[in-house]
Amino acid sequence: MAQRISLTRYLVEQQRVDGLIPSQLRLLLEVVARACKHISHAVNKGALGGVLGSASSENVQGEIQKKLDIIANEVLIEANEWGGHLAAMASEEMDSIYVVPNRYPQGEYLLLFDPLDGSSNIDVNVSIGTIFSVLKKPEGHPGVTTEDFLQAGSSQVAAGYCIYGPQTTLVLTVGDGVAMFTLDREQGSFVLVEENVKIPADTREFAINMSNMRHWDAPVKRYIDECLAGTEGPREKDFNMRWIASMVADVHRILTRGGIFLYPWDKREPNKPGKLRLMYEANPMSWLIEQAGGAATNGKERILDIQPKQLHERVSVILGSKNEVERVTRYHSGI
């Protein structure tokens, strides 16, 4: 029987053998994984734990918060604030950054997260997840400010997500490919199930919210029309559509078997470049996709090259199988 490799062992080997990650980053990722285990337990309890339904509050995005949104956010903060690995955190659910209190030692990393992506699906028992991104705090000044977080996605030192579905699976990159770990509840630890995840360059699956078709820009509509035309159209092959309304679930499917995910700009809010959050969702997911051989753009430029101007910046997202993403990007260029 093949030896089971735990997340801890995997990270130690990444540090010791490959020299890819410093010890403080390794310890930080282990803490994030433990927090995800706690969130997984809360999600699994559902109605039995009294965690379903909406809270009486809105987040900075103006969205009604679910009870589990708040619980997951608190779990991540409480797990990470005292370890000495972080200088500050930023969350989709908080207006401003959370600086590690003076009573705890401060580290050299910044942690960003969407504590519970796809939370509109909580009450109907569809897969949801936690997305996270790790940056290095810029040197040269004491303390930490919001500006320290405003780094392009190409500056990430680690990124991943934990999906709470039929299995709880942690997906991670530290810049050397993508690895997947499934939570063994009997053992109480994440166990490596796949290394060097690769996305096929071509696909027959696309994920987009078709109900918004009338609001799309011409390049996106052209691409989807060609997919829908099937074997009789210019693509000369049939496509299937998938849409879960949970980015974690849609991206996990793409990492597992290929596909393209589109959450484009639309005409309802022309002054907004998109809906998904650049720092909490687009950057970490785009790095994972690229590390698996895929591509990620906003239709015009690589997601990881975008220089953020604000903490809660939004962006259009097209990611997945490389040849399909490049095709949509060409259409935006008028080709």
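Each Cβ is built from the backbone N, Cα and C atoms, and glycine gets one as well.
Site annotation for Mg(2+) 2 in Swiss-Prot covers Asp114, Asp117, and the matching candidate from Glu281, Glu290, Glu301 is Glu281. Binding of Mg(2+) 1 is attributed by Swiss-Prot to Asp114, Leu116, and the same site annotation extends, among Glu92, Glu93, Glu108, to Glu92. Note on proximity: of the binding-site residues Glu92, Asp114, Leu116, Asp117, the one nearest Asn209 (substrate binding site) is Asp117, by Cα distance. Shown are the binding-site residues Asp114, Asp117, Glu281; of these, the residue with the fewest other Cβ atoms within 10 Å is Glu281.
For Asp114 (Mg(2+) 1 binding site), the nearest of the binding-site residues Ser120, Lys275, Glu281 in terms of C-alpha separation is Glu281. Long-range Cβ contacts of Leu116 (Mg(2+) 1 binding site) within its own chain (separation 6+, distance under 8 Å): Ile39, Lys66, Leu68, Asp69, Ala72, Asn73, Ile122, Ile128, Gly129, Thr130. Take the Cα of Glu92 (Mg(2+) 1 binding site) and measure to each of the binding-site residues Ser119, Ser120, Lys275, Glu281: the nearest one is Glu281. Taking the C-alpha positions, the distance from Lys275 (substrate binding site) to Glu281 (Mg(2+) 2 binding site) comes to 10 Å.
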